[in-house]
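Swiss-Prot has this to say about the protein:
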- 248, 249, 250, 251, 252, 253: ATP binding site (BINDING)
- 27-66: coiled coil (COILED)
- 14-24: compositional bias 'Polar residues' (COMPBIAS)
- 572-581: compositional bias 'Polar residues' (COMPBIAS)
- 1-28: region 'Disordered' (REGION)
- 561-581: region 'Disordered' (REGION)
């Protein structure tokens, strides 16, 4: 084959294998342009994200490379943009960033310093610290405080305490490095021992104690409502009142009613002064202030005052009277109520206890009539054993007024029953039918019936036979041990019986039989309670005073309460009465 033949064949082959190139249309160009634009947008977005990530990483690198900042405590500002601060125990004179408002800084406030020791930000006040007690307030925003181990030091008052009514004895938090006190801490030990709320009990809630209520109103409210007359006659109001008598007869209720009545008297007095545009104790009274007028009732939990550490009980008594003086200085009457007073203030030197009262009693005496006057404060003590209270407390000038709270007589029992057995209670239909539907008449009849049963001098009501030291014997009835608390319990028993009968029979309402049965059941529960081991102590607490009792015989009733068993139950008196309470 010649070269010309090969050339011809090659040319034919190339010409045969090469197709014709198609011509581009405008639609194809537009489509390719759209694809390229989308790719360009995605690329720009990725580049933007990468740029932002780079900037973020650069900022983190700069943050990591920064030197650590420090905190300091602001002391004073000099007016030229420079400050005195305390940092790490060192007093420093530094500058401040223009972004910091120096007029808002207060002494003791935290500030932030940069690496050049320039104040760049303001913070708050230190929320933690050691506890110290204020001993004396000094000039220029300083105070003398007592810390651990009775260590005394002078500290500065932080701006957070500006205007706070501080006084000696307040507990404060202190930052020992800067020497600032920041916050007043409530005294939990006093809060646990007293109750400042004014009770919602008034004299109308107390039955059977009309003469005693009149006595205590004359002693407490008369001097408060008419102070000018007392000053005119040179008469001082009583400093204290002793309520004594058997348990459950209303001593605590009377004390609460006194506080409530004083609060109402304060409100009336302030309201009258506000309407007249006058003053109370030299200060103008607004209507809003008059509406907030009240009194304080410090209910001291007596046994909780006792402490195993020497001097702690006396310190608690001082704190309580300090609290009372603080409230009284604001023009509010304060009632300090000691319940079970004999547990704290026994006769000194009797040897019936650990003799802690040798220092507790003098502390109370110094608080009541010591060098510091006790104005607008009335001390009320309640006790079942007034014979065990130290005579120095009971003398005139301390507990001036002594009111005996007797057990209720039949008329008093009717008044007490009427407080708990009211016409709004459901009454059984049969009892209503007997009185032509008159609910008030039904209730009066119920009360009359149960009081007659309770106070009857019958054999079924015999409770105890006591033998005195002289050999005389006396039979005591359940009425001799009746109390307001027992009457309330009888009514509650009757209500519960009425509920049980309704659930069993479907008949709703209280019946007179419920009350009589409740009275008998209450007697049954109490017949095992007399302390025949120490009969004289038990009788004194129960209100039976006079000749010493050496023997008690309980008279056991039949189960149905219809009569007395043939043999009474006796327990021999111990030869040594031992320690009581």
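Cβ from N, Cα, C; glycine included.
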Item checked: Of 249, 253 (the binding-site residues), the residue whose Cβ has the fewest other Cβ atoms within 10 Å -> 253
Checklist line | All-chain count of other Cβ atoms within 10 Å of residue 252 (ATP binding site) | finding: 19
Next item on the list: Could you pull the average pLDDT for the coiled coil (27-66)?
Entry: 83
Note to self: Among 248, 250, the binding-site residues in question, whose Cβ has the most other Cβ atoms within 10 Å in this structure?
What the structure shows: 250
Item checked: Cβ neighbour count (within 10 Å, all chains shown) around residue 251 (ATP binding site) -> 24
Notebook entry, point to check: Which of the three DSSP states, helix, strand or coil, fits residue 252 (ATP binding site)?
Noted result: helix
Notebook entry, point to check: For the recorded ATP site formed by 248, 249, 250, 251, 252, 253, which further same-chain residues have Cβ atoms within 8 Å of the site's Cβ center?
Noted result: 243, 245, 247, 254, 382, 405, 483, 484, 485
